[in-house]
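Novice: Pasting the feature list from Swiss-Prot:
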{"type": "ACT_SITE", "residues": "69", "note": "active site, proton acceptor"}
{"type": "BINDING", "residues": "8, 9, 10, 11, 12, 13, 70, 153, 154, 155, 156, 176, 181, 182", "note": "substrate binding site"}
{"type": "BINDING", "residues": "69", "note": "Mg(2+) binding site"}
């Protein structure tokens, strides 16, 4: 089975990637399995940070790597928290800390509080890959006033997807994989990886 390292320690992301790539005979391994430390995200865009993370993981593990850089953009806040979504409430903030800070920041704003999740995925064959595969997708919606659901991570409990009445954390994993920014970007990435021959015939199901 082909192995690709995910340049993240986020268990929620690992589950999403592993579930969607399993059909292609690919096992997604967390970088923690190789004792890869988190790298400083010094970029000013999602693309830059994803490349930094993928290169770091590939260099240390010797495996091909996928990195995800994603975040939530709130229109009322001019795109904040953006690339700082994971550390919106501080460098060591947990998901709940970030959610509570955003709810507090928006408490005086009425609906609709439009927002979107952005996701950039980068696949690097090796650390010096000069032509990494880069895919981007978004998921439109708005920020709710309360948290709902527990089938998700990050800001999922307060994100109401466009044309839906439930939060992202109230959706089934299959539904979320179809609609979400990460799910859509991963479909793009899988297609691009197939076109470039990353998956061998015996991998594809």
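The backbone N, Cα and C atoms fix where each Cβ goes, and this holds for glycine too.
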Novice: Please identify, from the binding-site residues 12, 154, the residue with the sparsest Cβ neighbourhood, meaning fewest other Cβ atoms within 10 angstroms.
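Specialist: Each of the binding-site residues 12, 154 was scored by Cβ atoms within 10 Å; lowest is 12.
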Novice: What's the number of neighbouring CB atoms sitting within 10 A of the CB on residue 69 (active site, proton acceptor)?
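Specialist: Its Cβ shell of radius 10 Å holds 27 other Cβ atoms.
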Novice: Ranked by the number of other Cβ atoms within 10 Å of their own Cβ, which of the binding-site residues 8, 10, 70 ranks first?
Specialist: 70
Novice: Could you find out if DSSP has residue 156 (substrate binding site) as helix, strand or coil?
Specialist: helix
Novice: Report the same-chain neighbours of residue 156 (substrate binding site): residues 6+ apart in sequence with Cβ closer than 8 Å to its Cβ, ordered by sequence.
Specialist: 149, 167, 168, 169
Novice: Reported as an integer number of Å, what is the Cα distance between residue 8 (substrate binding site) and residue 69 (active site, proton acceptor)?
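Specialist: Roughly 9 Å, rounded to the nearest whole number.
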Novice: What span in Å does the substrate site cover, taken as the longest CA to CA distance among 8, 9, 10, 11, 12, 13, 70, 153, 154, 155, 156, 176, 181, 182?
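Specialist: Value for the max Cα separation, rounded to a whole number: 20 Å.
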Novice: How big is the Cα-to-Cα gap, in Å, between residue 12 (substrate binding site) and residue 69 (active site, proton acceptor)?
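Specialist: So the alpha carbons of residue 12 (substrate binding site) and residue 69 (active site, proton acceptor) sit roughly 14 Å from each other.
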Novice: Hey, how far is residue 10 (substrate binding site) from residue 69 (active site, proton acceptor), Cα to Cα, in Å?
Specialist: 12
Novice: What count of other C-beta atoms do you get within 10 angstroms of the C-beta of residue 181 (substrate binding site), across all chains shown?
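Specialist: Its Cβ shell of radius 10 Å holds 23 other Cβ atoms.
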Novice: Roughly how many angstrom lie between the C-alpha atoms of residue 181 (substrate binding site) and the residue listed as 'active site, proton acceptor'?
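Specialist: With distance taken Cα to Cα, the residue listed as 'active site, proton acceptor' is 11 Å from residue 181 (substrate binding site).
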